[in-house]
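Below is one structure, written out as structure tokens; the observations come after it.
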């Protein structure tokens, strides 16, 4: 059995297979997922698993170099947005250089088709979606 926080086999494989600048999306329960993109559906019920818990576990194993968010997230769901930014800031304090980019929600939905996978959570907070660009550890 794995010893680290990320126990889900599909997610663990996804993170291990990422190359530099590959993207993954972590989304709320309502974001449309392109048919051609791998879907890792974790949603059990409203709020389970939570978006921020899923992000926290993925960041425990994934090196990131970029973060893409819908600009609407900041205004509509400021508390969850702030919690996400705090996690990104912790990654920066650990020495990571991370670019934060805001785009429209429509552009965000289109951009998800570039992701290697979309991870669907049970989150029901509006605009609780993020695209992470993979970094390297060297």
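Cβ atoms are placed via backbone N, Cα and C, with glycine included.
Cross-referencing 28, 41 with the substrate binding residues that Swiss-Prot gives (105, 127, 128, 129) picks out 28. Local packing around the Cβ, expressed as the count of other Cβ atoms within 10 angstroms, is greatest for 105 among the recorded positions 20, 105. When the alpha carbons of residue 127 (substrate binding site) and residue 20 (active site, proton donor) are compared, the span between them is 26 angstrom. Long-range Cβ neighbours of residue 129 (substrate binding site) (same chain, at least 6 residues apart, Cβ-Cβ under 8 Å): 25, 26, 27, 28, 31, 69, 70, 73, 108. Note: the CA-CA distance between residue 105 (substrate binding site) and residue 20 (active site, proton donor) rounds to 25 Å. The secondary structure of residue 129 (substrate binding site), as reduced to three states from DSSP, is coil rather than helix or strand.
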